[in-house]
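Here's the structure we're looking at; comments come further down.
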């Protein structure tokens, strides 16, 4: 940029000098000197000559004076025509002009040099402050960059040192992972071996199962053949049973006739007997109304005794518990070993069955006669297969007549056999296999088995099927008491007994 400014200033000075020289030349020309102008390219040369006499006429020349002058200078023939004095003057003028031009050149150079130095000094002074500011800014930026580079170098060194410190741990972790990988590969190989062994065993099992299946199919075919033969035999047996049933119906008719005769005979004997003691009672044997009277008479041992129930044709053997919870209890039901079948009809449950010393049902009619003449309470004792015992006691107990379907009525529950009664308290009729009196279309006596006071199958049934442990669970038709062991647990033992309230 400085060189361009210097060149510009030099050009301006040269123009000024040239204009000054031209002005001087014009002034001298005005003084009476002749001028000679020579044009060479972009340059123009002016020569001052003294005035001379007119030249002799010559050939016609071009109107262009510059061209004429150049040709007169270049052509020696024309110069030869000039007078010698004029030539000398011209040469002298040329020399003077040359010297003057050299002086002018030196002067111009001197002036330009001084002017250039001044301009350079001024420009240097004008640009020193910005350059200093620029240098300071560059220095600050350089310092900041150096600091950043120093920080980055320190961070890099820290990271490098941390990586160097972590290299042993990384190496150990890598070794550990390699060892684990080897162990996993070994385990995988072991599992592959076990898998192949299992596949072989599976193939062997499949082969064995196919063989067993073939054997089962063969046995099935044999069983089907046997079943067809047995079906034919059963058909023959059914035919025989029809004949036996026919004979049995005849025997039942005869038995019914005999029973009627026996009742008539007993009626006749009773009419002739003494009112205080029936004729068929053994001499010396004392008869009581229930076990409470037996205990009041002085008996203290529990066992089988004879009682005379009102409206009964003969005395009944009953089991009296004279020790439990104050005694005086007359047993009306006992289950303890499953020796007696409780899947009975209405008539059996009415008259009673079993042995009073063991499993038995005293009979609905006897219980009705006992509870008809006095107010009784009921006690139910239960035992599970784990040896746990519980009881349920009802303060008032009454059983209706046969016309009332031996309807049950109990009031005042207490005991340890559940938070509430598993026995329906009021107006529940008795049902058996052949007399469905429950409030359900499903015939609970057939589904739950036995005879009981079912109310939509209810929460209890102590006359169900006797199941021995461990087959006593999940049995809906077993000996059940819901609030003691749940709805499907069949109990080990149960007792039902009654006694008068005035005791």
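In case you wondered, yes, glycine gets a Cβ from its N, Cα and C as well.
Note that the structure is a prediction, hence the values are computed from the model and not measured.
What Swiss-Prot says about this protein:
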SIGNAL    1-24  signal peptide
COILED    84-238  coiled coil
CARBOHYD  96  N-linked glycosylation site
CARBOHYD  126  N-linked glycosylation site
CARBOHYD  140  N-linked glycosylation site
CARBOHYD  158  N-linked glycosylation site
CARBOHYD  247  N-linked glycosylation site
CARBOHYD  274  N-linked glycosylation site
DOMAIN    282-502  domain 'Fibrinogen C-terminal'
DISULFID  291-320  disulfide bond
CARBOHYD  311  N-linked glycosylation site
CARBOHYD  337  N-linked glycosylation site
CARBOHYD  427  N-linked glycosylation site
DISULFID  444-457  disulfide bond
Tell me, by DSSP, whether residue 291 (disulfide bond) is helix, strand or coil?
helix
How many other Cβ atoms sit within 10 Å of the Cβ of residue 427 (N-linked glycosylation site)?
12
Stretch-averaged pLDDT - the coiled coil (84-238)
83
Length of the line joining the Cα atoms of residue 96 (N-linked glycosylation site) and residue 427 (N-linked glycosylation site), in Å
169
Considering the disulfide-bonded residues 320, 444, 457, which residue's Cβ sits among the greatest number of other Cβ atoms within 10 Å?
320
Residue 457 (disulfide bond) to residue 140 (N-linked glycosylation site), Cα to Cα, whole Å, comes out at 104
Of all the glycosylation sites given, namely 126, 140, 311, 337, which is spatially nearest to residue 291 (disulfide bond) at the Cα level?
311
If you count the other CB atoms within 10 A of the CB of residue 140 (N-linked glycosylation site), including all protein chains displayed, you should get 10
So, in DSSP terms, is residue 311 (N-linked glycosylation site) helix, strand, or coil?
coil
For residue 311 (N-linked glycosylation site), just count the other CB atoms lying within 10 A of its CB, please.
10
Relative to the Cα of residue 427 (N-linked glycosylation site), which of the recorded positions 158, 320, 337 has the closest Cα?
320
Measuring Cα to Cα, how far is residue 311 (N-linked glycosylation site) from residue 337 (N-linked glycosylation site) in Å?
33
To see if you understand the setup: which same-chain residues, six or more apart in sequence, place their Cβ under 8 Å from that of residue 337 (N-linked glycosylation site)?
358, 359, 466
Reduced to three states, what secondary structure does DSSP give residue 96 (N-linked glycosylation site)?
helix
What does DSSP say about residue 427 (N-linked glycosylation site): helix, strand or coil?
strand
One finds that other Cβ atoms within 10 Å of the Cβ of residue 96 (N-linked glycosylation site) number exactly 12
